[in-house]
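Asker: Structure incoming, see below.
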Amino acid sequence: MPDVRFAIRQLLRNKAFAITVVFTLALSIGANTAIFSVVNALLIRPLPYPQPERLGTIFGRVSGPGNAEDERSGVDGEKWELLRDNVPAVLAAVQSEFAAGANLKAGSAVQYVHAGRVSAHYFEVLGTTPRLGRTFTEDEDRDGGPQAAILSDGLWRSAFGADPRVIGTNILLKGEPSTIVGVMPPHFAMPQSADIFTPIRASRHGEGTGTNFTAIVRLRPGATWQQADTQINAAWADRINRFEKHNPGSHVSYYSVPLQQGQSADLRGPVVALMGAVAFILMIACANLAGLMLVRVARRTPEFATRLALGASRWDILRQLWTEGLVLAVAGGGAGVVLAFGALRALTTLLPPDLLPVQNIALDGRVLLFTALATIATSVLFGLLPALQTRRLDLRAAIAAGSSRSVSAGGHTRVRQALIAGEIALTVVLLAASGLLVRTLVYLETLPSGFDANNVMAARLSLDDARYHDPAKFRDLLSKSLASMRQIPGAESASVGLSLPYERGLNDGIKIADGKEAGQQPTATVIYVTPQYFETLRIPVLAGRTFTEADTADSQPVVIVNQSFARRYLNQPDATGRQLGADKPRIVVAVVADVAKAPGFDSDQPLNVEPTVYVPATQVPGVLIAVAHIWFQPSWIVRTSGPVTGLTEQMQHALASADPSLPFSGFYRMTDIRAEAVTMQRVEVTLLTTLAALALLLSAIGIFALVSNLVLQRTREIGIRIALGSTIHQAMLEIGRSGLISAACGLAAGLVLSAFALRITKSALYGVRIYDPVTLFGVLGILAIIALGATYLPTLRIARIHPAETLRAE
């Protein structure tokens, strides 16, 4: 304790130094604590289920000549039945990757709710039991089984007043009577932020043919993961053989991975990269502080020499320095925790709920332990060089220097220059990475949209509703609601589409019925639309005509393709007159311009152009209506002549005129939908740019402190030089040279380091190369300007040096 009290007194004598150190530590440790909280929630903290190590999901590896790719394996109805019935090592369940939500009517109230679709035994696999009631039975999870629903704790409280007698209550869900059979406990980790669960009823005869389900498994007692993997590959052997037959030279195998690892697979790379970025911040801070501590040790050399002469040991000096460093680190770490708490609050508002487990990000014991270890490690790192310097202290030389009016810089300047150069090198990497991500975001947000987004309001509606599986009722709903919307004052046109620009569409195989491509069945995005869809969005028609009211269920089937489909699959820009489809071919009546879409099958780029087929909503078969509305919410769109007051209320009123029991799930401008499509890129840019700006600030502080200290150390020398005829300008150049040399070396080292480090950003870049010269030269320019400013400002003190006073002081 005496050492601690003495350390505090010493630091209070130099408050500027102490504040600078604590501020630097707070920023660096706070950033590390905040990002580690995300890493902890996503990658480290065990899932909140019993025996989480026995929970898994299934990945597939597809290998071919010279390549191999691992990804989470989607499951269709056939694979689900084979897994459920032929893999005794695990208890298995599936959940839907897609859910369009549902409309719930409880009593007289109607509301839209987020719905999760899961199989029987889903909750048993997770090891979770309802707080009230029971889970789904196998009878309820088959086609034609009883309609049942399980509530989340939140919906139970908000819609049913936390009534404990809710079990057995009948509700209207998805247009059908359902019975509430269970209520989940509070804080249950809901997939897809579900408010309510329904049975998924997956089977080989079920919805579509795509792998739209995700399997989760729990090892049964006595079983091993190796046994499970062997059984999974045996159960899916026919599917494996079929794939390899159609893809010669390829090999497929399946394996289980921990559920937590599987859930975080897509985000693991970005999160680990962010953790690397904040580690750079900590290294920059340590380099800065090590330089400051070297200066402090140099100024206190006479004091240390005197103490040694009076009988103190070198260990006493080292212990005191470590104590001072620890006091500073603890103060900085404590302030860092406060900053991290505020940063996490900002982070949880920045991230959408389905992007990361936002509700699980917290400063728990593991995070605080990390902060404590980071604090201790930081105090060791920035105290290491000063401690080594103290061990080499020459007692006689130090006492002799103590009678001088100045303290010699010795070799400290060169060490500090090396530290500053290291800081700048790391800053170059962070700035270059953030610059590339900014360029990616700009590229995505400035992609040609292919339509006019101004004065368009969109409203999504869940039509996963048994009443509207009937094509006639579906068409009637569209007709009546659109007729009312077109009467809204200021409305120019209105239409409905299964999906809009910037959204993903339905993927399906489209058979070509004529021409030299006849018999081919390429995959395309399929969207049903009503008349005026292209006029409302002002999508250019390149050839032919758009849909009209004459395109009915009884008329000639027609279709419109976009430019990409016409060129890629039909090999002609004007594809009007071509025929698509199997049983009753559809005539291509128009080719329209491409519009930006969210990725479906053709690319993983957040916004892209994909081959697209538009069909009239009046000619969509009932089975496709039912399946599409499980996965997608169609959008009602209205174009107005200008801003319209109360447009959303008028659109809801127009829908109510056709069916008062249907609530829109949300209203969106097209810019909102585009922003939603690039959410991940915007988050990455915000976080990495913030960290790069922090690194830039710390580097500027380092250069400023280096040059300022040189001015102080060499005041006597500068005064003498000026007295002997040197100009102030020459003195400023002489002193500033150290900072500029450090900056130049750091920039050069940063370019070399970037050549390797930036490769980690490759998967996150679109429309820009890793070694983009604009970005790299921009980074060099910014850092050069900051370095010049940080060097120039402290040299202004030279102009205030009076040679006469300096000589008199001698």
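Glycine is no exception: its Cβ is also placed from the backbone N, Cα and C atoms.
In case it helps, TrEMBL gives these features for our protein:
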TRANSMEM  16-44  transmembrane segment
DOMAIN    21-234  domain 'MacB-like periplasmic core'
TRANSMEM  271-295  transmembrane segment
DOMAIN    277-394  domain 'ABC3 transporter permease C-terminal'
TRANSMEM  326-347  transmembrane segment
TRANSMEM  367-388  transmembrane segment
TRANSMEM  424-444  transmembrane segment
DOMAIN    475-624  domain 'MacB-like periplasmic core'
TRANSMEM  687-712  transmembrane segment
DOMAIN    691-803  domain 'ABC3 transporter permease C-terminal'
TRANSMEM  739-758  transmembrane segment
TRANSMEM  770-793  transmembrane segment
Asker: Please figure out which one of 271-295, 326-347, 367-388, 739-758 racks up the most CB pairs under 8 Å against the transmembrane segment (424-444).
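Answerer: It is 739-758, which has the most Cβ pairs under 8 Å.
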Asker: Mean pLDDT, the domain 'ABC3 transporter permease C-terminal' (277-394)?
Answerer: 79
Asker: Taking the transmembrane segment (326-347) as reference, which of 271-295, 367-388, 687-712, 770-793 has the most Cβ pairs under 8 angstroms?
Answerer: 367-388
Asker: On the DSSP side of things, how many residues of the domain 'ABC3 transporter permease C-terminal' (277-394) fall into helix, strand and coil, could you say?
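Answerer: Final tally across the stretch: 99 helix, 0 strand, 19 coil.
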Asker: Do the transmembrane segment (367-388) and the transmembrane segment (16-44) come close, with at least three CB pairs under 8 A (pairs 6 or more apart in sequence)?
Answerer: yes
Asker: Under 8 Å, at least three CB pairs between the transmembrane segment (16-44) and the transmembrane segment (687-712) (pairs 6 or more apart)?
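Answerer: The answer is yes, given that the two segments have at least 3 Cβ pairs within the 8 Å cut-off.
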Asker: Residue list, the transmembrane segment (687-712) vs rest of chain: Cβ under 8 Å, 6 or more residues beyond ends.
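Answerer: Residues packing against the transmembrane segment (687-712) from afar: 20, 24, 27-28, 31, 35, 274, 277-278, 280-281, 284-285, 287-288, 291-292, 295, 347, 409, 413, 416-417, 419-420, 423-424, 426-427, 430-431, 433-434, 437-438, 718, 735-736, 738-739, 742-743, 746, 782-783, 786-787, 789-791, 793-795, 797-798.
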Asker: State the residues, same chain only, that lie 6 or more residues beyond the ends of the transmembrane segment (271-295) and have a CB under 8 A from a CB inside it; answer 'none' if no residue qualifies.
Answerer: 17, 20-21, 24-25, 27-29, 31-32, 34-36, 38-39, 42-43, 264, 321, 325, 374, 378, 381-386, 389, 412, 415-416, 419-420, 422-423, 426-427, 429-430, 433, 687-688, 691-692, 694-695, 698-699, 701-702, 705-706, 709, 760-761
Asker: Sort out the residues at least 6 away from either end of the transmembrane segment (770-793), same chain, that have Cβ-Cβ distances under 8 Å to it, and list them.
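Answerer: Counting only partners 6 or more residues beyond its ends, the transmembrane segment (770-793) has Cβ contacts under 8 Å with 424, 427-428, 431-432, 435-436, 439, 696, 699-701, 703-704, 707, 732, 736, 739-740, 743, 746-747, 750-751, 754-755, 758-759, 761-762.
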Asker: With helix taken as DSSP H, G or I, strand as E or B and everything else coil, how many residues of the domain 'MacB-like periplasmic core' (475-624) land in each class?
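Answerer: Output for the domain 'MacB-like periplasmic core' (475-624) reads 29 helix, 44 strand, 77 coil.
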